[in-house]
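Asker: Quick one: the structure is below, and I'll ask about it shortly.
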Amino acid sequence: MLSQETRTIIKSTVPVLEEHGTAITTVFYKNMFEAHPELLNIFNHANQKQGRQQAALANTVYAAAVHIDNLEAILPAIVQISNKHVSLGIKPEHYPIVGEYLLKGIKEVLGDAATDEIIHAWAETYGVIADAFIGVEKDMYENMETQENGWSFFKDFTIARKEKESENITSFYLKPVDGKNVPSYQPGQYISVRMSIPGEQYLFNRQYSLSQAAQEDEFRISVKRDADNDPNGRVSVYLHDEMNVGDRFEVSAPAGEFVLDTEKTTPVAFVSGGVGITPMMSMFETVATLTPERPTAFLHATRNESMHAFDKDIQKSVAAMDNASYKTLYSDQPQGYITHAVLEEYVDITGDVYVCGPVPFMEAMIQQLQALGMKEEQIHFEFFGPAVALQTV
Ligand code: HEM
């Protein structure tokens, strides 16, 4: 239990730390990677360059500290982040390293203002927060290991098939090298891929949504090729240009919380922008297979016909379903957007809607769906990239 004194110090210093947020986290990561360069095999180097992950991790520690009396209240947020952590193979022994360099960052930036008392209070509080994450992650790893054909951390997979879906999206069908089947997963979950790229010092990790309904013997990911000069695009470009059938890389077991509730038979709508279509494919195929009578709408926005992935697959499933509709809009064309009117026409607002795409697209969709009268609990979404803020706090 933290003492009342510690709690008081924490609450009074959170605003100061937030104010110096960028400075502290920049120092924190710089020092941590200097002392532990092996962690660059885990962290996304592009996020580091753009400063996005810096903000996410430290802000979450501060936000959690505010709720230190009742961490239960932010358990959903912890679980969401822990999904990402277990997908990346974060281990308990990593936590003290992050704690040490976060505290050193606070000390370095705040100088004398960070008294021993303050540093001690934060060390104690970080320990409590870290234990909460470690506990949640331990259970997740155990579940992964005990699931049929499951595993924890990474395992070798090979590319069994590579199929172009559109001008810039290609699917990779992946099978375990050990010849085993793959575990079942919930539609909407993702895996991490980990690979070494020739000429690069550290391993690269990326998360990709599984893009088909669960199959016994393979996973499928569908990857958008980023621009050559996009720092975040290193893996996607390598996959598209250099990786072929028979090539191998490591894969972690499915994780993630943005999943379809397969028990429901009430109306459901999928709304995707660009490569945000990938988790929708897994969800939609699952509905088409398990509950084809479920009233279903699929709305997709993409730039033009050549960028349009999975069109035939969706059309085929829609034709075989009892009550499904499908519309795609091309933003290169006039009125090529999913507007309020389009949502009103296709989405049954008594049901659930799943949204995935670039952040501005999602913000617009969520706003419009709310304007149509849908409640928060009916609208499910997942942002790409690191969560910039702890949404439930
Ligand atoms: C991602 C918080 C500890 C490695 C994240 C995210 C948050 C976060 C908010 C973004 C989640 C998302 O993308 O949806 C925390 C907190 C920690 C903690 C509060 C301590 C209590 C650690 C540790 C490690 C770690 C100990 C490993 C040394 C990562 C990595 C990512 C991540 C690699 C993915 C993003 C990237 O690669 O840039 N964490 N984290 N975290 N975390 Fe943690």
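Glycine residues also receive a Cβ, built from the backbone N, Cα and C atoms like all the rest.
Fair warning: this is a prediction, and the values are worked out from it, not measured in the lab.
I grabbed these lines from TrEMBL:
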- Y95: active site, charge relay system (ACT_SITE)
- E137: active site, charge relay system (ACT_SITE)
- Y190, R206, Q207, Y208, S209, F383, F384, G385, P386: FAD binding site (BINDING)
- G274, V275, G276, I277, T278, P279: NADP(+) binding site (BINDING)
- 152-261: domain 'FAD-binding FR-type' (DOMAIN)
- 149-393: region 'Reductase' (REGION)
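Looking at the shown structure, can you explain where the listed features end up?
Answerer: Sequence-distant contacts of Y95 (active site, charge relay system), defined as residues of its own chain at least six apart whose C-beta falls under 8 angstroms from its C-beta, comprise A130, F133, I134. Reduced to three states, the DSSP call for Y95 (active site, charge relay system) is helix.
Annotation note: E137 (active site, charge relay system) sits in a helical segment as assigned by DSSP. Sequence-distant neighbours of E137 (active site, charge relay system): residues of the same chain at least 6 apart with a C-beta under 8 Å from its C-beta are S82, H85, V86, I90, P92.
For Y190 (FAD binding site), the count of additional Cβ atoms within 10 Å of its Cβ stands at 25 [all protein chains shown].
For the recorded site, G276 (NADP(+) binding site), the DSSP three-state label reads helix.
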Asker: Around the Cβ of S209 (FAD binding site), how many other Cβ atoms lie within 10 Å? Please give the count over every shown protein chain.
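Answerer: A 10 Å sphere around the Cβ of S209 (FAD binding site) contains 28 other Cβ atoms.
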Asker: Just the number: how many Å between the Cα atoms of G276 (NADP(+) binding site) and S209 (FAD binding site)?
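Answerer: That comes out at 9 Å between the alpha carbons.
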Asker: Measuring Cβ to any atom of ligand 1 with a strict under-6 Å cutoff, which of the recorded positions Y95, E137, I277 qualify?
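Answerer: Close enough to ligand 1 are Y95.
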Asker: What's the CA to CA span in angstrom from G274 (NADP(+) binding site) over to S209 (FAD binding site)?
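Answerer: The Cα atom of G274 (NADP(+) binding site) is 13 Å away from the Cα atom of S209 (FAD binding site).
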